[in-house]
Amino acid sequence: MALSTTPSQMSVALPTRIDGSSRSMIKVQSISFTDKSWGPPLLRLDSKSRSLGVKKRSTICMSLQQSSKSKVLVTPLELEDPKETPLNLFRPKEPYTATIVSVERIVGPQAPGETCHIVIDHDGNVPYWEGQSYGVIPPGENPKKPGAPHNVRLYSIASTRYGDSFDGKTASLCVRRAIYYDPETGKEDPSKAGVCSNFLCNAKPGDKVKITGPSGKVMLLPEDDPKATHIMIATGTGVAPYRGYLRRMFMENVPNFKFDGLAWLFLGVANSDSLLYDEEFAGYRKDYPENFRYDKALSREEKNKKGGKMYVQDKIEEYSDEIFKLLDNGAHIYFCGLKGMMPGIQDTLKRVAEERGESWEQKLTQLRKNKQWHVEVY
């Protein structure tokens, strides 16, 4: 079943809903990630690929752009059973061969660069938890090691353990295409382009992809307290793990996880066209105003209070008193994105702490000791 990327009113059959009915029809405005009709069509499996067993589901809903108060019942619930975090089920020497389901550009024409949402079918063989990463081995030979494969590239998983089709068989990645421009000529140099990101963004439905993992425990979503506060800070594709958190909190009907706390997302990007999953997050804010807050920093469109560019650390400073009070009360705080985001954020937090008469070094030590501090930068 191919879903149109053009925004329109349509009905889609979803898996069993919370009310127990075997099929329900939910009307949504759009199935794509963006309202930008200029973009290329969403790539999906054709009937031939499905007949080969790439996708054997009569009902496929790759993503819901808008939140619905009627949550989707996910399967298989056995994915909730393991007590131990799934780690390194597949390693670089023996990766798992998965299949590309779809590739979709999810930024607008004025975004500096291209970012794609990529759905991968692992057929339930590479289970993972929210906040973990997959490794991807692009095809070809490592130029620095003739005869050897390329090095593994890690990507944070942008879906819950049930995937975008809610059946535990897929995982989604949020990938920015890495392109190199010569600083002297200003021209693109394809020889220095990111091998793995370009492979993924150029992939077609049915293409094979070698994956490793899952890996990582630092960004796992703590679920022992459903009333906990989670402060999530990201730049660009660093929003990937938070999409997984938020879908688990607000979109999926998971019997053993009924979130009733506060999730607060700070997202820093260049401009409005660079916002990732914006409509999805806006839907949560509309449906769950008491449980979800969403603040954006658009560096090329907004100014901070000093008249400079608005970065995510400026938003943190704007709400610093509230953030510090939440941290004092046990809130978890997460950082994901480029390494370059951390110095500015750390400087801001240190300055705010000093203004409050606190030692940031002591506070940070305590946050780490209490396992409230989660950082994954690249």
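Backbone N, Cα and C define each Cβ position, glycine as well.
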*Stated Swiss-Prot location of coiled coil, expressed as one of 299-323, 349-373*: 349-373
*Using C-alpha atoms only, work out the spacing between Met249 (NADP(+) binding site) and Cys201 (disulfide bond) and round it to an integer in Å.*
28
*Are there any residues in the same chain, six or more apart in sequence, whose C-beta is under 8 angstroms from the C-beta of Ala234 (NADP(+) binding site), and if so which?*
Tyr242, Leu265, Phe266, Leu267, Gly268, Val312, Phe335, Cys336, Gly337
*Of the residues in the domain 'FAD-binding FR-type' (93-221), how many are helix, strand and coil by DSSP?*
11 helix, 47 strand, 71 coil
*Which sequence positions outside the coiled coil (349-373), separated from its termini by at least 6 residues, show Cβ-Cβ distances below 8 Å to it?*
222, 316-317, 320, 324, 327, 330-333
*Does Ile231 (NADP(+) binding site) have same-chain partners at least 6 apart in sequence with Cβ under 8 Å from its own Cβ, and which are they?*
Trp264, Phe266, Ile323, Leu326, Leu327, Ala331, His332, Ile333, Tyr334
*Using Cα positions only, nearest of the recorded positions to Cys201 (disulfide bond) (Thr229, Thr237, Ala240, Leu246)*: Thr237
_Can you tell me which of the recorded positions Cys196, Ser197, Thr229 is spatially closest to Leu246 (NADP(+) binding site)? Compare CA atoms only._
Thr229
